[in-house]
Amino acid sequence: MSQIILASASPRRKELLEQIGAEFVVCPAKGEEIITEEEPSAVVMELSRQKAEEVASGVLTYNEQHAELVTPQDILVIGADTVVAYENQILGKPKDEEDARRMLSMLSGKTHSVYTGVTFVFIDKAGRTGEHCFYEKTDVSMYKLTEEEIDRYISSGDPMDKAGSYGIQGRFAIHIKGIHGDYNNVVGLPVARLYQELRKLGVDV
């Protein structure tokens, strides 16, 4: 069985991976996100790849520098990134409260899409690497929000670390009219698809 490394500081992704019984360590990527793509699906795969590759590179460097201390083993690094998309606009995490208000007003009473990209970087015992990348899309419909509801939600602080300025699994759940697709994908990690992709690649978690 491979040692699994989650290249994300998101507590929601950590919880989702724990739910499927995976044993892993958390090692968040710290590099600056560089976006060269425009389509939401391509953006999330690009960013998830950057995160996974950064952490995998660090693992390889450490193993080379401490070869006498490291027991060779297969390693799987998982990187993920989530964005909200509405009318060709990509919404990441809000920069400030005003940005969160702008996003929530935009999404109020509408249907938008949530994209999560996932990248696996495999490192075998000999230090050879391989990659596999995919994305999942879920459509989410919101009820119409009043300005008071938006202000109250923003004052809770909950939107500030979430793509699109809301968390479907928290207090904002009362404003969700419906979803089409994987609920966990909106939370931050499509674990069912992740598991199926690993199975196709012959990886046991």
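Using the three backbone atoms N, Cα and C, a Cβ is placed for every residue, glycine included.
These features come from Swiss-Prot:
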- Asp81: active site, proton acceptor (ACT_SITE)
- Arg12: site 'Important for substrate specificity' (SITE)
- Thr82: site 'Important for substrate specificity' (SITE)
- Gln169: site 'Important for substrate specificity' (SITE)
Simplified to three states, DSSP reports Thr82 (site 'Important for substrate specificity') as strand
The correct three-state DSSP answer for Arg12 (site 'Important for substrate specificity') is helix
DSSP, reduced to three states, assigns Gln169 (site 'Important for substrate specificity') to coil
Within 10 angstroms of the C-beta of Arg12 (site 'Important for substrate specificity'), the count of other C-beta atoms across all shown chains comes to 20
One finds that other Cβ atoms within 10 Å of the Cβ of Asp81 (active site, proton acceptor) number exactly 27
By the 10 Å Cβ-neighbour count, the most surrounded of the recorded sites Thr82, Gln169 is Thr82
Among Arg12, Asp81, Thr82, i.e. the recorded positions, the one with its Cα nearest that of Gln169 (site 'Important for substrate specificity') is Arg12
Quick note, Thr82 (site 'Important for substrate specificity') and Arg12 (site 'Important for substrate specificity'): C-alpha atoms separated, nearest Å, by 12
